Structure formats: C-alpha cells, structure tokens
Amino acid sequence: MRNILNTETDIQAFLDYLRFERRYSQHTWENYQRDLLQFSQWLDKHAEVGSLNDVNEFSVRQWISQLHREGLKSRSLQRKLSSLRSYYQYQIKHKRLSLNPAIDVRAPRDTKPLPKTLDIEQVTQLLNIEGDDFISVRDKAIIELFYSSGLRLAELASLQMADIDLTGALVTVTGKGNKTRIIPVGSKAVEALKNWLVHRSLVNRKQLGDLFLSRQGSAISHRNIQLRMNHWQKKQGITQSIHPHKLRHSFASHLLQSSGDLRAVQEFLGHSDISSTQVYTHLDYQHLASVYDKAHPRARGKKKD
C-alpha cells in the first residue's frame, strides 16, 4: 500500500511553490496538479511503490506508454512529462531525491496519418472526360499527367514545352531542391497531351514556353489547376475530394501494388529519403489485407445455411 498522505503532502508543497514562489497562473498550476494526481492514481493500480517519490524510470515509461495506447496525442504526453520532471526536480532541490526518474523519458511521436488515395475505378471515372473544347482537353491532359507520372502541383504547373518528349513518352521534371528527374509518361497521358498540343497551338503557335495555358495564352496558375480539379470531381460524380497530391498518392500506391518496387516508386516521386516513400507500404498492406479478407477461405465468415 502506498503512503497516500505523504504523496498528497509532497504534491501540495510543490503546487504552493509554483503558486507563491514561481507565480504561475491558476491555469498552469492546475494542469500540474491534474497531471500529478493522475499519475499518482495510476501508480495506486499498477505499480508497487511506497509513494510518488519512490517511482523509477520504468514506471514513468509504463504510464506514458499506456496513455499513448489510449490515444493521447504527443503534445499532451509531453506536457505530462514536463509536469513530472518539474515535480521531481523540485524534490531533488529539497534533498528528498537524488535522481529524476522522468528526465530521460520522451513522449512517442504521433503517427502520421496515411495519405488518402482514389481507387482505380474512381480514377477511371474522373478521367472519363469526353469534351473536345479547349478547357476540357487541357484539363484531361493535366489530370492524366498527374496520375500517370505522380507529379507535384508545382512541378506540373512549371512544365515547359521542352520538358515533354512524346516520342519517347518521357517528361523532365524539376522538383524540390531544383533536382531534375526524368519520368515515363503512360500511353493514355501521351494521347491526351497530343490532343492538348493541337488545341494549345490555337492560342500559342510557338513550340516554346509553358506547357499548360489559359484561353488567353498565359501560364495556368496553381489555384486554377486546383479549381479545375474540384470542377471535374463534382462533374464526374465523385464524392471524395480530389486535389493534385491525392492523385500523386494514388499513383504511388497503385504503382507499388502492381510492382512491389519501393525504390522505383521513390525515384518516380523524387523523394531524397526512402522513409518518405515507405508510407505507401502501409497503404499496400491495407490493400493486401483487403484482398486476403475477401479471397482467403480461412479469412471469410462461414456461409449461412
């Protein structure tokens, strides 16, 4: 059984120090109080210690790990650790402890949310653009190229006529850090680009300059590209929001599903660090798990008679 009286006395002495000597606001010292009492209550149930001052680093790690598993965000965990560190430093200052059990404990980082992607059927639905007018042809070429080659918005918007090699089905892209990479262009995107170049010549006959233009012959802006994608998302009856980076995510996820080649996907995306690309392996695992659940005889529920 822990010495509850000693624990409460120690906490109150620390809170008085924060209020009257450090002049902390009521909101701040109440946060400290809440964190310390929560930890103390957890110790009552989970740790064999005599008082709050008998805690070791392992107990602190256990508590933080449990809170993390329960869904507490990294920032909140950091605040709780800060409360513990300050409390134990106060105890060391007053010669009640020699070591701070929370000093080397770090809060786990929040996991990054997985990028959202379109499935292949949704991409097909989006790209089923049949209009033969200037805007429709241009927009189809833009969306085809986004999905075909996994370009960033800034990369596509800055493309020049000289960057496209339709004979070789290649596009030269200048990405982050002014790094250049050459990426294949799919046959559907090549077809859409050829059609676009015919329409482009109506406003600019030069084989130089920006690849994608407005009706006035000026370069199309980032904002305009995003607005046009919103237009086609609604027109094609797709409920999920669509933006250039979602097409980039979809490109990477679908390519990894079919090839399994993470390094190739890294090169296509222009990631300098493969850890940036590895997020797509989690999407791939989701896909594999879905296939397993639907197809494996031991994964499916029993059929009802």
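Placement of Cβ uses the backbone N, Cα and C atoms for every residue, glycine included.
Bear in mind that TrEMBL entries carry predicted annotations, made automatically and left uncurated.
Not measured: the values here are computed from a predicted model.
The active site feature in TrEMBL is assigned to R152, K176, H245, R248, H271. The active site, O-(3'-phospho-DNA)-tyrosine intermediate feature in TrEMBL is assigned to Y280. Look at TrEMBL and you will find 5-92 tagged as domain 'Core-binding (CB)'. According to TrEMBL, the domain 'Tyr recombinase' annotation covers 113-293.
Neighbour density at the Cβ, taken as the number of other Cβ atoms within 10 Å, is lowest among the active-site residues R152, K176, R248, H271 for K176. Close to R248 (active site), meaning Cα to Cα within 10 A, are the following active-site residues out of R152, K176, H271: R152.
If you take the Cα of R152 (active site) and the Cα of H271 (active site), they are about 11 angstrom apart, rounded to a whole number.
Per-residue pLDDT, averaged over the domain 'Tyr recombinase' (113-293), rounds to 85. With helix defined as DSSP H, G or I and strand as E or B, the domain 'Core-binding (CB)' (5-92) counts 73 helix, 0 strand, 15 coil. Between the CA atoms of K176 (active site) and H271 (active site) there is a gap of 9 Å.
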